[in-house]
Structure formats: C-alpha cells, structure tokens
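I have a structure here, written as structure tokens, and I will follow up with some questions on it.
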C-alpha cells in the first residue's frame, strides 16, 4: 500500500531514474503550496481592487457612469500601451464529458491600446466585438476556429497503420483534430491567459513567450486533447507511424511548419517541413500527407504503453506538449517578408484506454 508521497517518489524514479525520499517529496510539496498561496493572495488583492472600483460606481447615475468610462478612455490614451488586457480563465474538458476530444482557445492579449472608436476591453457583448458599419464582416472562421486572417487549419492527426495482409491496412488515430466549416451563428472561442502555460514550453529563443511577444496575438491558439492508445502495437516491420495535416489560405504562399515536441517544458525534438500551395475550389490548399513520425516519438509511445498503471501514463502526458508554428516563407506572386501565420500550442491532457 503506497501513500501519496511514495507514489510521487515512485513516479519520479520511473520518469527520471532519480531516487527521492518521502521527506524530500513532502518538502517539495510544501514549497509548491507556499508558491501557490502567494499567487492566490496576489489574485485576491486584484479582486479586492476591482470590487472597490465597482462599489464606487454603484451610486452613480447612468450618465455619470458613462462620463467616468469616457474619462478612463482618455487617460488610457495618454498612458499609451502596456496595460494588461482582461483575460478569461478556462478549465479544459474532463474525461467522460460529452463533446469532442479536444478544445480550442485563443490566447488573450497582454497589452492593448484604447482608441475612441473601439469598445473598451471587458465591455464587449457576449457575441463578440461588433464590427464597424462601414467595414466588411470578417470571415466566419475568424475567432471561431484555429485560423488567422491568412491561414486556416482544417485537420491534424497522428496515426498508426498496421498491415494485416498484402491488401489490408488497419489505421488507428492517436490524435485527431478536425474542424468543420464554421458559421456566423457559432459561438466565439474563449480566451485563456498565455501566462498560465509558459512553463509548459521552452523559454529560450524561439519559445512560446518570445513568439507571442512578436505577435500577432490573434494567431495563437491553445488546443487541449486526449490521446487514444487503445491499440495493440505489434511487429514494427509492418507498422507505419505518421502525421497528416491540412490548411487553407486565400493567398498563394509557401508555408513552413515547425513542430517542436516538449517534455516538462524542454524541447526534445523538432521537425521542419515546407509546403507549397495547390489551387482548389477558389482557395489555396496546403497538405502535409503521411509525414513519418520521428524515432523519438515512436519510442515514446512504446514506453508509454509499457507503463504499469494508467495514472502514470496520464502523469507523463500532463507534462507533454507540442508547439507548432506555421510561417509564410515567401509569395509566388510577389516577394514579401516572412510573416507569422499561425501558432498552435498543444498540451496533451491524458489517455483514452
């Protein structure tokens, strides 16, 4: 019979090969608890300031409240950018809940500049920002799917194909992220504060934090998914591990996709692929078809399958993330500088077994 600290020490031994005593684990938990308490206290202070501001607004008439809001806008313009935007907190779906196996959330902006013609952040309607009457409406996928103004991800999958006989193959999907064509009636994606997941990705040059600071911030998305390992891994000679993805764009570009696999916030492997556009049905398509999975990922899947307990597998996957960055490497019609098209951060939450 194992206690909590013994189970944690056992997992550390399995994951890193390092031995930790029950007392060492207990001490580390206390350090983390104190750190969490400080974070909660900081949030409570922010909440107290917010409540105080609301109380001061309560006795005002509607006209006074509007005047106060206008004064706040002028002060924000005088200060310039650099003030934190209002960001939402989001909890991912739990195992067993109805719906799809993944959730998509855009990252909230860290800074904003208030302009007289724009609504104040935090005061938008639930249906999303109201476009200007003179401006054409944005495409329906913007704000409702993993898509920027230049690139839309249609599908992403990681799979295993096993040959049963010369003419028959069995395909198992470890991960499948598919997007149907959104409409204006679909709800907008919720925002998540990117600072909550910085520690899940590399902090060195080219990491998530640096990419987000370079922007544009509306091209970053967080996708949380469950991996399905409910399959038998047999003879490797007849097995193929691969990844396929598909994108669309209104422009004819050359895109470069960088996929970084990270474990406990450290990059362990990276794959870079270049794809050219194909004109189909009024738009340009980009397909990465049956790209072979690297040796690291194949070994990772095998080791994961051989862990004795399901909770151990889930613990490993909670600290397993993928950072995919798609950039335009050039235009066929006219030369142009490199531009960020879309960044997708994928933390894996656990398993289907």
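Quick reminder: no glycine exception, Cβ is built from N, Cα and C everywhere.
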Choose the correct range: of 86-114, 115-143, 144-172, 173-201, which one does TrEMBL annotate as region 'Disordered'? Give that range.
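Feature region 'Disordered' in TrEMBL: residues 115-143.
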What parts of the chain pack near the domain 'TEA' (1-39), using Cβ distances under 8 Å and only residues at least 6 beyond its ends?
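Counting only partners 6 or more residues beyond its ends, the domain 'TEA' (1-39) has Cβ contacts under 8 Å with 307, 312, 315-316.
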What is the number of residues in the domain 'TEA' (1-39) that are helix, strand and coil, as DSSP sees it?
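The domain 'TEA' (1-39) comes out at 31 helix, 0 strand, 8 coil.
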